[in-house]
Amino acid sequence: QVTLTESGPALVKPKQPLTLTCTFSGFSLSTSRMRVSWIRRPPGKALEWLARIDDDDKFYWSTSLRTRLSISKNDSKNQVVLIMINVNPVDTATYYCARVVNSVMAGYYYYYMDVWGKGTTVTVSSGSASAPTLFPLVSCENSNPSSTVAVGCLAQDFLPDSITFSWKYNQSQKISSTRGFPSVLRGGKYAATSQVLLPSKDVMQGTDEHVCKWVQHPNGNKQKNVPLPVIAELPPKVSVFVPPRDGFFGNPRKSKLICQATGFSPRQVWSLREGKQVGSGVTTDQVQAEAKESGPTTYKVTSTLTIKESDWLGESMFTCRVDHRGLTFQQNASSMCVPDQDTAIRVFAIPPSFASIFLTKSTKLTCLVTDLTTYDSVTISWTREENGAVKTHTNISESHPNATFSAVGEASICEDDDWSGERFTCTVTHTDLPSPLKQTISRPKGVALHRPDVYLLPPAREQLNLRESATITCLVTGFSPADVFVQWMQRGEPLSPEKYVTSAPMPEPQAPGRYFAHSILTVSEEEWNTGQTYTCVVAHEALPNRVTERTVDKSTGKPTLYNVSLVMSDTAGTCY
């Protein structure tokens, strides 16, 4: 095996000579056609060839440095020595030696360096040698389970510029996911940084409070403990959800108690169990991070206990206990003592959107009922002010985690009916209600109608020059009321809503009572350059025929009219 190892001083004073030794093995310079070269790489610059010596003692130098260089070999020691005189700071570099071999092709000799040493760093400075001073670098951002946590170390005021960083967990397990950055000369001394990227889940779930940074330097090795980011410590909120009265099934009749611990951090939960003597029938899910847009990461966990109806009605007390960070949190539940929870039935009457009316040619009325303890006795009905009852379809949801149900009652009226001038009432009855609950909706009156202005903006030339994508913008302004529908088409065919983004209507700053919105369609630059047409269809109740459109393509570069009557649904919704 061929190896080459460079050695020499790490720090040299200006105007002094520099002597570097290359010790090699695996070949001999007394063998024909064997050669050794010296090369250097100054900081931030390309490699620079310096000198070469051959097996027959012939030597060659760089033209710019030949007056300052000498090269010699010692066959008995397998060494090549390079001497550079009158050094100065520009000679600061990493110096390499490499074996040079040659081959003959088509009558020509080709020389190449096939094996290199690892290099030795030489700093030319009038300053005194000094070991680095270390400073920890800690991330200030909140940790996210799907991201990484960055910590680092700043090494400062060291000379010469020869430093090696390594990271370890608890002084034992080596960390490989590191990044090094080039040294920087500042005030005659050097500074360098090293960074390590750790998975957030390891930081939040592990027991390590710091990582160890080892720094090797010719003037002394040093160690620094870098603390890991502090994770917010939050206690769990423990809730128990009891089964509904009709929630027991089978033989013997059984149901489930659900215990949920939420909002805690860090992740570790030492135990989650119901009662003291429960040995079976318990299923505990894995701890999961809660979905949050901001703030510290918190966690939740759910445990389910299967219980018999006889035990539940026999006044047994069930206790869910959670141990977290040395503290105990618990919640009791029994058929005689139900945990406090808001179980009042609520009713929401949801008016139809203009988009649904425009697309289906019918007006759908929706009545949502929540927090039902049972579903078999619920009834939902819609009535109109003038013509009485409207046929209503009712759908029941599956049981929610808090052991309640929800139901939806839907009714449709024909679009031609006078929705704007009539009141519609949703009526809900249930055995838990002393009297029916009612919610009434009608279209707001007195709203001025203003039809929208539609502008279609082609892709910007600067974006097309990048040859990546093309963004077409549809700007809709000055309309009232705020309910508007926007759809994109390509060559007369509707595009999937996943392919574009439409903003919510927003008030016009200079026109009170009016609104604006925009929709953005992004296609590939290749598609745009084929000349395909793209159409923005805008529907609003103030428009003639309720719809208008603008079309653009590469050849026109400006919007034109386009017949998009097919965008409207061919099948009207069913009216009752």
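Heads up, residue numbers simply count up from 1 along the chain you see.
Backbone N, Cα and C atoms are what each Cβ position is placed from, and that goes for glycine too.
Feature annotation from Swiss-Prot assigns disulfide bond to CYS22-CYS97 (among others). DSSP assigns CYS22 (disulfide bond) to a strand segment in the three-state reduction.
Around CYS212 (disulfide bond), taking its Cβ as the centre, 20 other Cβ atoms fall within 10 Å, counting all chains. Residues or ranges marked as disulfide bond in Swiss-Prot: CYS153-CYS212 (among others).
As annotated by Swiss-Prot, disulfide bond applies to CYS259-CYS320 (among others), with the evidence given as experimental evidence. Take the CB of CYS320 (disulfide bond) and look out to 10 A: across all protein chains shown you find 24 other CB atoms. According to DSSP, CYS320 (disulfide bond) is assigned to a strand segment.
Here Swiss-Prot flags CYS367-CYS426 (among others) as disulfide bond. In the three-state DSSP reading, CYS367 (disulfide bond) counts as strand. The Cβ of CYS367 (disulfide bond) lies under 8 Å from the Cβ of VAL347, PHE348, ALA349, ILE350, ILE380, TRP382, THR392, VAL408, GLY409, GLU410, CYS426, VAL428, GLN439, each of these being in the same chain and 6 or more residues away along the sequence.
Annotation note: CYS536 (disulfide bond) sits in a strand segment as assigned by DSSP. According to Swiss-Prot, the feature disulfide bond maps to CYS474-CYS536 (among others), an assignment based on experimental evidence.
Per Swiss-Prot, the feature domain 'Ig-like 1' maps to 1-97. Note on the domain 'Ig-like 1' (1-97): its mean pLDDT in the predicted model is 93.
Per Swiss-Prot, the feature domain 'Ig-like 2' maps to 132-212; the stated evidence is sequence analysis.
When the domain 'Ig-like 3' (236-334) is classified with DSSP, helix, strand and coil residues number 5 helix, 52 strand, 42 coil. The domain 'Ig-like 3' annotation in Swiss-Prot covers 236-334 and rests on sequence analysis.
Residues or ranges marked as domain 'Ig-like 4' in Swiss-Prot: 352-442.
Taken from Swiss-Prot, the feature domain 'Ig-like 5' applies to 452-553.
In this structure, ASN74 (N-linked glycosylation site) is part of a beta strand by DSSP. If you take the C-beta of ASN74 (N-linked glycosylation site) and look for same-chain residues 6 or more apart in sequence within under 8 angstroms, you find VAL80, VAL81. Taken from Swiss-Prot, the feature N-linked glycosylation site applies to ASN74 (among others), supported by sequence analysis.
The N-linked glycosylation site annotation in Swiss-Prot covers ASN170 (among others), and the record cites experimental evidence as its basis.
According to Swiss-Prot, the feature N-linked glycosylation site maps to ASN332 (among others).
Under the heading N-linked glycosylation site, Swiss-Prot lists ASN395 (among others), citing experimental evidence as support. When secondary structure is read from DSSP and collapsed to three states, ASN395 (N-linked glycosylation site) falls in the strand class.
Just so you know, the Cβ of ASN402 (N-linked glycosylation site) picks up 16 other Cβ atoms within 10 Å once every protein chain is counted. Summarising the annotation, Swiss-Prot assigns N-linked glycosylation site to ASN402 (among others).
What Swiss-Prot records for ASN563 (among others) is N-linked glycosylation site.
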Which one, from the disulfide-bonded residues CYS22, CYS97, CYS153, has the smallest tally of other C-beta atoms lying within 10 Å of its C-beta?
CYS153
DSSP helix, strand and coil counts for the domain 'Ig-like 5' (452-553)?
16 helix, 52 strand, 34 coil
Long-range neighbours only, meaning 6 or more apart in sequence with Cβ under 8 Å: which ones does ASN395 (N-linked glycosylation site) have?
ALA407, VAL408, GLU410
Argmin Cα dist to CYS474 (disulfide bond) over the recorded positions CYS97, CYS153, CYS212, ASN332 returns CYS153
